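A.B. asks: One structure coming up, written as structure tokens, with questions to follow.
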Amino acid sequence: MMKIRIGNGYDIHRLVPERPLILGGIRLEHACGLLGHSDADVLTHAIMDALLGALSLGDIGHYFPPSDPQWAGADSQVLLAKVAALIAERGWRVGNIDAVVVAERPKLKPYLDPMRDRLATTLGIDRDQISIKATTNEKLGPVGREEGIAAYAVALLQSGM
């Protein structure tokens with residue numbers, strides 16, 4: 001009998017000058033980047049939290065705490081691969097992921113397919129198992145004022161097929 005589990009993830013980071021902007025493992029052209037202990041890739045972080053949440057495994061802060069210097073500047077794709085391994089060790093696999101990135105700028109449409117490709121490769125799944133959408137916050141709140149970028153993700157995990 002097939003079992004399914006669903007997880008939800010969210011992340012937000014502040015935009016600051018002199019940092020690269022990385023979303024979904026792709027470096028984007030922008031004047032500012034996201035501030036964080038790792039590469040601050042909010043999309044990948046939201047996906048990791050959704051995957052971990054689906055199996056009640058906590059959140060990324062539990063596995064990759066910002067207080068631990070080994071994760072300083074870490075590539076979030078490396079962290080995502082570790083999360084994927086945790087899931088596989090427990091007999092689960094990704095059914096699909098649906099994510100939304102919320103940013104006023106830069107416009108994300110040209111980057112969405114490369115992000116899907118990169119994330120699918122890291123997770124070892126087909127590109128059509130990942131949906132990434134982009135929207136703005138209509139100039140409302142910290143994201144609307146271009147102070148940060150946020151991401152939401154939902155992940156479906158399957159076992160027993």
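Here the Cβ of each residue, glycine as well, is placed from N, Cα and C on the backbone.
Quantities reported herein were computed from a predicted structural model and do not represent experimental measurements.
These came from Swiss-Prot, pasted as-is:
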BINDING   Asp11, Ile12, His13, His37, Ser38, Asp59, Ile60, Gly61, Thr135, Thr136, Asn137, Glu138, Arg145  4-CDP-2-C-methyl-D-erythritol 2-phosphate binding site
BINDING   Asp11, His13, His45  divalent metal cation binding site
SITE      His37  site 'Transition state stabilizer'
SITE      Thr136  site 'Transition state stabilizer'
A.B. asks: Out of His13, His37, His45, Arg145, give me whichever of these recorded positions has the highest number of other Cβ atoms within 10 Å.
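C.D. replies: The residue with the densest Cβ neighbourhood is His45.
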A.B. asks: Need the DSSP three-state call for Arg145 (4-CDP-2-C-methyl-D-erythritol 2-phosphate binding site) to compare against my parser.
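C.D. replies: SS state of Arg145 (4-CDP-2-C-methyl-D-erythritol 2-phosphate binding site) = coil.
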A.B. asks: Highest CB neighbour count within 10 A among the recorded positions Ser38, Thr135, Thr136?
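C.D. replies: Of the recorded positions Ser38, Thr135, Thr136, the most buried by Cβ count within 10 Å is Ser38.
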A.B. asks: Which one is closest to His37 (site 'Transition state stabilizer') in space, judged by CA to CA distance, out of the binding-site residues Ile60, Asn137, Arg145?
C.D. replies: Ile60
A.B. asks: Could you say which of the binding-site residues Asp11, Ile60, Asn137 has its Cβ with the most other Cβ atoms inside 10 Å?
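C.D. replies: Of Asp11, Ile60, Asn137, the one with the most crowded Cβ is Ile60.
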A.B. asks: Widest Cα span across the 4-CDP-2-C-methyl-D-erythritol 2-phosphate binders Asp11, Ile12, His13, His37, Ser38, Asp59, Ile60, Gly61, Thr135, Thr136, Asn137, Glu138, Arg145, in Å?
C.D. replies: 30
A.B. asks: Write down the Cα-Cα distance for His45 (divalent metal cation binding site) and Asp11 (4-CDP-2-C-methyl-D-erythritol 2-phosphate binding site), rounded and given in Å.
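C.D. replies: Checking the Cα atoms of Asp11 (4-CDP-2-C-methyl-D-erythritol 2-phosphate binding site) and His45 (divalent metal cation binding site) gives a distance of 6 Å.
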A.B. asks: Please report the DSSP secondary structure of His45 (divalent metal cation binding site), reduced to three states.
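C.D. replies: Note: His45 (divalent metal cation binding site) is helical by DSSP.
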A.B. asks: To the nearest whole angstrom, state the Cα distance for the pair His13 (4-CDP-2-C-methyl-D-erythritol 2-phosphate binding site) and Thr136 (site 'Transition state stabilizer').
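C.D. replies: Approximately 15 Å lies between the Cα of His13 (4-CDP-2-C-methyl-D-erythritol 2-phosphate binding site) and that of Thr136 (site 'Transition state stabilizer').
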A.B. asks: So, in DSSP terms, is Ile60 (4-CDP-2-C-methyl-D-erythritol 2-phosphate binding site) helix, strand, or coil?
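C.D. replies: Where Ile60 (4-CDP-2-C-methyl-D-erythritol 2-phosphate binding site) sits, the three-state DSSP reduction gives helix.
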A.B. asks: Rounded to the nearest Å, what's the C-alpha distance separating Arg145 (4-CDP-2-C-methyl-D-erythritol 2-phosphate binding site) and Thr136 (site 'Transition state stabilizer')? Just drop the number here, would you?
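C.D. replies: Spelling it out, the Cα of Arg145 (4-CDP-2-C-methyl-D-erythritol 2-phosphate binding site) and the Cα of Thr136 (site 'Transition state stabilizer') are 10 Å apart.
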A.B. asks: Excluding Asp11, His13, His45, please set out which residues of the same chain place their CB within 8 Å of the center of the CB atoms of the divalent metal cation site, keeping sequence order.
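C.D. replies: Not counting the recorded site residues, we get Ile12, Leu34, Gly36, Ala40, Asp41, Val42, Leu43, Thr44, Ala46, Ala150, Ala151.
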